[in-house]
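Some features that Swiss-Prot has for this protein:
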- 231-243: compositional bias 'Pro residues' (COMPBIAS)
- Lys90: ubiquitin cross-link (CROSSLNK)
- Lys202: ubiquitin cross-link (CROSSLNK)
- Lys214: SUMO2 cross-link (CROSSLNK)
- Lys214: ubiquitin cross-link (CROSSLNK)
- Lys230: SUMO2 cross-link (CROSSLNK)
- 21-92: domain 'KH type-2' (DOMAIN)
- Ala2: N-acetylalanine (MOD_RES)
- Ser6: phosphoserine (MOD_RES)
- Thr42: phosphothreonine (MOD_RES)
- Lys62: N6-acetyllysine (MOD_RES)
- Arg64: asymmetric dimethylarginine (MOD_RES)
- Arg67: asymmetric dimethylarginine (MOD_RES)
- Thr70: phosphothreonine (MOD_RES)
- Lys132: N6-succinyllysine (MOD_RES)
- Ser209: phosphoserine (MOD_RES)
- Thr220: phosphothreonine (MOD_RES)
- Ser224: phosphoserine (MOD_RES)
- Thr242: phosphothreonine (MOD_RES)
- 214-243: region 'Disordered' (REGION)
Amino acid sequence: MAVQISKKRKFVADGIFKAELNEFLTRELAEDGYSGVEVRVTPTRTEIIILATRTQNVLGEKGRRIRELTAVVQKRFGFPEGSVELYAEKVATRGLCAIAQAESLRYKLLGGLAVRRACYGVLRFIMESGAKGCEVVVSGKLRGQRAKSMKFVDGLMIHSGDPVNYYVDTAVRHVLLRQGVLGIKVKIMLPWDPTGKIGPKKPLPDHVSIVEPKDEILPTTPISEQKGGKPEPPAMPQPVPTA
């Protein structure tokens, strides 16, 4: 028997489920370029789509890893047997995904690459992928004992207004190095895309599109136009004289 819950509780429960699932997959698939999760609920089953840059690693050998993840999710969230399905989907444009770039920068810093060089490499890759702008902030004990932050910016970046919600993709990650924990924040401003594949369909409010004038067909031969004047009033019938 299904338990009836209010709409408010339903929204809260869905939010908690997605947040917990996202945290679990972030820990589990960090090395495989995990970039987010989508949950689609149908009347018969729940479909969980994992977005990643290396989908083959997520699936595992002969689909073993995805089956293990399905079993863990099913047990943790109390889904009935066979009612949850996990899929792996490749991220179309890795350079426009903030989570993927934050993870990439994290592994570069763990590998011992200099902060400035690693950040400029990520910045260049993002801009080459077609982004309108990007911002990378690394904070912590970068050099010496005193904590400080370094900001790297390129292109255009909006910070306020409603378009921030759908134009700016943000990700925050932490990396533990020998000198302490560094914080990584990546912000990517997506380009406007009428098809909606690599960016929002809705243009920015200040976007101005210039419409090309239509080609006027010029007359090849002289044409005379007769403009009609005022129509003459109909003649009144003349009275017939009587003898």
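Glycine is treated like the rest: Cβ placed from N, Cα and C.
The distance from the Cα of Arg67 (asymmetric dimethylarginine) to the Cα of Lys90 (ubiquitin cross-link) comes to 18 Å.
The separation of Lys202 (ubiquitin cross-link) from Lys214 (SUMO2 cross-link), Cα to Cα, is 26 Å. Annotation: Lys132 carries the greatest number of neighbouring Cβ atoms among the recorded positions Lys62, Arg64, Lys132, Lys202, Lys214 [cut-off 10 Å, Cβ to Cβ]. Across all of the domain 'KH type-2' (21-92), the predicted model scores a mean pLDDT of 84. Minimal Cβ crowding within 10 Å, among the modified residues Ser6, Thr42, Thr70, Ser209, is found at Ser209.
Annotation note: Arg64 (asymmetric dimethylarginine) sits in a helical segment as assigned by DSSP.
For Thr42 (phosphothreonine), the nearest of the recorded positions by C-alpha distance turns out to be Lys202; the candidates were Lys202, Ser224, Thr242. If you measure from the Cα atom of Thr220 (phosphothreonine) to that of Ser209 (phosphoserine), you get 33 Å.
The separation of Lys202 (ubiquitin cross-link) from the residue listed as 'N6-succinyllysine', Cα to Cα, is 15 Å. Comparing CA positions across the recorded positions Arg64, Thr70, Lys202, the one lying closest to Ser6 (phosphoserine) turns out to be Thr70.
Thr70 (phosphothreonine) falls within a helical segment according to DSSP. Note on the domain 'KH type-2' (21-92): DSSP counts are 32 helix, 22 strand, 18 coil.
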